Amino acid sequence: MNRPAVGGRLAAAQALRQVLDRGQSLDEALQLPLSKLEHGPDRALARRLSYAVLRDWPAVQALSSALMDRPPARRDRLAIFVLAVALAELREGREPERAIVHSAVEVARSGGLSRLAGMINAVLRRYLRERSAFESRLADNETIRFGYPGWLIEALRADWPDDWSAILEAGNQAPPLWLRVNRRHWSREQALQALRAAGHEAQLPDLPLPDALLLPTRVRISDLPGWSEGGLSVQDGAAQLTVDYLQLEDGLRVLDACSAPGGKAAHMLERAALDLTAIDVDAERLERVGETLQRLGLAARCLQGDASRPQDWWDGRPFDRILVDAPCSATGVIRRHPDIRWLRKASDLPELVERQAEMLRALWPLLAPGGILVYATCSILADENERQARAFLESCEHCEVIEHAELPGRARSAGRQILPGENDLDGFFHLAVRRLPV
């Protein structure tokens, strides 16, 4: 087993400890360990194994507990995640078993756990000897079988009684790579031909997504033709639909609330010449909006502000379009961010739902007569979506829902819902409402 492979596995174990012990997001947790790796394949391995463990965490956690006589001391907690990486690899079956065990021992030594290398070796060899017996004990546990926390399984079962298991399965599948073509830079056909000429199996999706291209497998984004010139962005097809709900045209005054990291703001500006204001409550995240727009050769008015307190930042002029891309549970993008299933708690939902409602109440008065407000989330939970939308519609006066039956998704009592994996899309919700003249 070469040293880079050991480095990638150690990086995965270190990142997983930050996520599962300390509540850090996986993207943040990977930054430091990946920065220490020189080899691209090693970095890719670290990311892949981190995803594998997070998707399989209940099973590898249960196996580790059953296989060890006692847990390691607190100072040696990294050993738990070295074992988790190895067990996830053994369950995947991609590499020879002996190589995986040997690698785990080397990872322990590289990670300052030499005194536990023998224990890790013994635990993994015991698993291989008694695999059938240990695995059979896991079969009846839904949390282990699906790899999701119990509260989320129950919430999905309640909201989607006919689809909940398919939703869970979709969240455990690797997603395709969706690209958005910057039509101010080149046409979609030009981008498609450039990608194919560079050896990428780019496809046109069979969906009403005029700016989208699809790659079946992930690639190094910075190597894509047109990327460095601002011709392409990464954005799931479901998120790209948002601009169609907004019905943009040149000259409109538009508000993008909760704008960071700026993907939807950029897409709006690629579609039309707009007077766009992008706000976000987080100054650091707002900087990312500016960086995103700069890379694509676009510009907007970027303001730090709380969407639920427009009195702090609004200049008093109404907007023709308002996008409320609200903070949410992100349960529709678990296939892309498997850490969400363990970082998000049931207790988070009431606060998120109230925050969403506050934003809708505060921003509706800023919309000009005849204007359109779009409420969007990457959630699949009814409290944040259909029920939130119904409550908003009951409270707002002089409004009408724009149905958009021509767009992908399932019509709900209010809004349209895409479930994860449908048409290769992320889970997403949209509601479009027009303000009627009085």
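Using N, Cα and C of the backbone, Cβ positions are placed for all residues, glycine too.
Caution: TrEMBL annotation is automatic and unverified by curators.
Values in this document were obtained by computation on a predicted structure and should not be read as measured data.
Going by what TrEMBL states, the S-adenosyl-L-methionine site holds CYS258, SER259, ALA260, PRO261, GLY262, GLY263, LYS264, ASP280, ASP325, and the candidate of ASP306, ASP312, ASP339 recorded there is ASP306. A distance of 13 Å separates the Cα atom of LYS264 (S-adenosyl-L-methionine binding site) from that of CYS378 (active site, nucleophile). Largest Cα-to-Cα span within the S-adenosyl-L-methionine-binding set CYS258, SER259, ALA260, PRO261, GLY262, GLY263, LYS264, ASP280, ASP306, ASP325: 19 Å. If you take the C-beta of CYS258 (S-adenosyl-L-methionine binding site) and look for same-chain residues 6 or more apart in sequence within under 8 angstroms, you find ILE279, ASP280, VAL281, ALA307, VAL324, ASP325, ALA326, PRO327, MET359. Here the recorded positions are ALA260, CYS378; the one with the fewest Cβ atoms within 10 Å of its Cβ is ALA260.
Residue environment of LYS264 (S-adenosyl-L-methionine binding site) contains 22 other Cβ atoms, counted within 10 Å of its Cβ in all protein chains. In this structure, the C-alpha atom of ALA260 (S-adenosyl-L-methionine binding site) lies 14 angstrom from that of CYS378 (active site, nucleophile).
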